[in-house]
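K.L.:
When I checked TrEMBL for this same protein, it listed these features:
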- 16-298: domain 'ABC transmembrane type-1' (DOMAIN)
- 331-564: domain 'ABC transporter' (DOMAIN)
- 20-40: transmembrane segment (TRANSMEM)
- 52-73: transmembrane segment (TRANSMEM)
- 125-147: transmembrane segment (TRANSMEM)
- 153-173: transmembrane segment (TRANSMEM)
- 237-260: transmembrane segment (TRANSMEM)
- 272-296: transmembrane segment (TRANSMEM)
Amino acid sequence: MRRYFKYLKEYKWHCIFGPLLKWIEAALELMVPLVMKQIIDVGVANGDIPYVLKYGGVMLAMGALGLGCAVFCQRVASIASQGFGTNVRNALFSHINTLSYREIDKVGSASLVTRVVNDVNQMQSAVAIILRLVVRAPFIAAGAIVLCMITDWQIGLLVTLVSVLVGLVLFIIMKKSVPFYATNQRKLDRMSQITNENLEGARVVRAFSKRDKERARFDGAAEAMLQNSMRIGRISAYLNPLTFALVNLGIAAILFVSGVKVNIGRLTSGEIIAVISYMAQILNAMIVISNMVSLFTKAHASMNRVSEVFDLQSCIRDGGNAQPDFTAPAIQFENVSFSYAGTDKYALTDVSFSLEKGKTLGIIGGTGSGKTTLVNLFPRLYDCSLGSVKVFGHDVKDYSQESLRFIFGVVPQNGNLFSGTVRSNLFWGNDKASDEDFAEALKIACAYDFVMEKGGLDQPVAESGRNFSGGQKQRLTIARAVAGKPPVLVLDDSCSALDFATDAKVRANLAALEGTTTVIISQRASSIRGADEILVLEDGRIAGRGKHEELYENCGVYREICDSQARAEA
């Protein structure tokens, strides 16, 4: 819990004044029954109207002052809690961005979204409640008990006994419900994951008429969450009835004892009214405490989930400050093997090759052969399990992550665009580029014409680029990478949505880039046919290596790919 105090540091005075104001309000509230007792025992008993009006005015003034304290406390608590939530959320988002793909895969993107949004909201609500009520409710409960003891020690003991029993009920219910709140957040993760998948794959779901199946899958996740919530509800359902029963029994016992004491002259009417008022205050305080316990239970579960993310450390650490040697080979793999977390099976096995600067490497293979895994090792999105990966003469582990990734311009196969404009997306490649640089990059990617037709560089880009076709998104992502003028350009099946003519034109434009080393991954043999060297992957191993002609002659896997595609095109 201490790790989160720093996120409240800039709200130090809010955290001091908020509880202080609530303490003043609580003290005023505790004084009200005492004033009421004086009005009844002195003013009403003696028929002294000026006395009643005087102390009635005092009660009104106390109420107004208490209201003012409560309003200001609400304000400062809101500012501090909102600021706390923002600080934690920003820190968590920044930390997630330092994690490698391996850690992100381990937790899951849907779970990370839930933790950044929902879990931090629970923690934020807890901070607000702490500043507003954590001082007030216990102070009123304890103060009311003490004042009851001062009024009459026997009645005070009764009040104390009832308060202890209510506290015991709260503790038992909290202990029983804590595990279920953590489970509830995991169920919420699952619902978020299914929702995410269906929103991103809406077209696929409809194309395969799987809406009913996906609805059933979501209903199953929702039902699982409902059942867990009902378990929490069944436990929590005992809280208010037991609390009210104990308090009402306590009030009944107090009234009985008070009646006896009034008859023998040990208590006055005003003192009875004061004791009953204190009992009501204790009841309200206990209800507030029970609600706080429920909220803190949820917040504690959420805090643990957020802490789990903060505790994750990237397995990829910055190495040294190596500078690229542009006279050395651009990329070298030496006996590289790689396996994903949670499996012993290698996705790549004993891969070795070298790519000279300025050359073009084509990579081809069937689905699941390890093509994307291979290029993810270039910019060190993952670390290899065995062997070494070198870039321009240095092991990738000797570079800082920032300088290494500056070397590569990666174009992913799914054409990710960000909401904004065409210009803001191209700035990702080079934030110092001019409009002329962007125009040149768009021309190389064969995207200039449709961008100018749609409104130029200021053309809006919807979420995930939904207002562009698949081919247009791919060309824009190619332009984004080219705008950065990277020494190594990596195209991960980035022309799969383009027609053959446009694909060929883009490749020709890229080949004309002077001094750029290009790696092209493609399912199409025609897309890599003109590469200086081609790697053929099969089950994570190199099945063939060389130029098109020699591979077609000597590599059965490559020949089969070429022939099957030629028949399909025919």
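Note: Cβ is positioned from N, Cα and C throughout, glycine not excepted.
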K.L.:
Which sequence positions outside the transmembrane segment (20-40), separated from its termini by at least 6 residues, show Cβ-Cβ distances below 8 Å to it?
P.N.:
51-52, 55-56, 58-59, 62-63, 65-66, 69-70, 72-73, 76, 131-133, 135-136, 139-140, 143-144, 147, 268-271, 273-274, 277-278, 281
K.L.:
What mean pLDDT score does the domain 'ABC transporter' (331-564) have in the model?
P.N.:
87
K.L.:
Using a Cβ cut-off of under 8 Å, list the residues of the same chain at least 6 residues beyond the transmembrane segment (52-73) that approach it.
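P.N.:
Hits for the transmembrane segment (52-73): 17-19, 21-22, 24-25, 28-29, 31-32, 35-36, 38-39, 43-44, 131-132.
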K.L.:
Which residues of the chain, 6 or more past the ends of the transmembrane segment (272-296), have a CB below 8 A from one of its CBs?
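P.N.:
Hits for the transmembrane segment (272-296): 29-30, 32-34, 36-37, 40, 122, 125-126, 129, 133-134, 136-138, 140-141, 144-145, 147-148, 151-152, 155, 159, 162-163, 166-167, 170, 173-174, 177, 236, 239-240, 243-244, 247, 250-251, 254-255, 258, 262.
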K.L.:
Short question: which residues 6 or more past the ends of the transmembrane segment (153-173) have a Cβ under 8 Å from it?
P.N.:
141, 144-146, 235-236, 238-239, 242-243, 246-247, 249-250, 253-254, 257-258, 261, 275, 278-279, 282, 286, 289-290, 293
K.L.:
Do any residues, 6 or more residues outside the transmembrane segment (237-260), come within under 8 Å Cβ-to-Cβ of it, and if so which ones?
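P.N.:
Long-range Cβ neighbours of the transmembrane segment (237-260): 154-155, 158-159, 161-162, 165-166, 169-170, 173, 267, 272, 275-276, 279, 282-283, 286-287, 290, 294.
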